Amino acid sequence: MKKLKVAIVGSGNIGTDLMIKILRHGQHLEMGALVGIDPDSDGLARAARLGVATTAEGVEGLARLPGFGEIDFVFDATSAAAHVKNDPFLRGLRPGLRLIDLTPAAVGPYCVPVVNLEQNLREPNVNMVTCGGQATIPMVAAVSRVARVHYAEIVASIASRSAGPGTRANIDEFTETTSKAIEAIGGARKGKAIIVLNPAEPPLIMRDTVYVLSAPADQARVEASLAEMAQAVQGYVPGYRLKQRVQFDEIPDAAPLNIPGLGRLSGLKTSVFLEVEGAAHYLPAYAGNLDIMTSAALATAERMAQSMLNA
């Protein structure tokens, strides 16, 4: 079966884990190159041992590799600031490249596979939001398909040890991009995102809490929609699960909640508690936050590649 070649820009935790996933499980994709800026990085050393072409000279080095002309997909696992420069540079050389953006740059449309992948199959650049967004936006969208969502707030708690320099450099972009995507894809009128780097030792796996305030709705229908969505996410992130039963609170008109920017609102408050365990391909199992990003990005590119090969 013909496979499309990919390059991964960023040889840190996310880029290296993504490379391992493609090497082990790529169905329509195969590795073409791993790109970094640190010649001593573990990711580049590992890639070289596995027979993958490497460069420590960034996207300029990628463009000079003999196989650059055969690359169909580029995964960018650098930083938001770097991606804003990488996209026009690469597209200037190869206009037809597909870029999968794993930074919070959001040059292209947000993509959460279980919610809106099919709408984005032909996009030249898609943004994978953030780890917190990939974990929680499906839950907001699950409530949205049952009732109108006024407000959604998510809290993503990740092990401090799983947050590399790229994640730490993008904390502000994380909250901004996730909040916007909660609205754009999740369907909330207003979204808010909070990230917590948990320093506990031994490290704890990723935990996410989702609070949704919606119009009044049938609780059984909401719970069923959430369970169905969680199962869909498990299709590409097996370690994704509801940690406990969904909790509901009816907010009466007589005692509404005051939501900044929206005013006083009543309705149904839904609380969802998630945990995400990583597949431990390259990263430890507690780094579910990184695993859900690489898994979502791979699922997106695989579906795009399938569509391109079948065209």
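Glycine is treated like the rest: Cβ placed from N, Cα and C.
According to Swiss-Prot, Ser11, Gly12, Asn13, Ile14, Ser162, Ala163, Gly164, Pro165, Gly166, Thr167, Arg168, Ala169, Asn170 bind NAD(+); the candidate from Asn289, Asn310 that the record adds to this site is Asn289. Rounded to a whole number, the distance between the Cα atoms of Cys131 (active site, acyl-thioester intermediate) and Asn13 (NAD(+) binding site) is 13 Å. Cα to Cα, Asn170 (NAD(+) binding site) and Cys131 (active site, acyl-thioester intermediate) are separated by 12 Å. Within 10 Å of the Cβ of Ser11 (NAD(+) binding site) there are 27 other Cβ atoms, across all protein chains.
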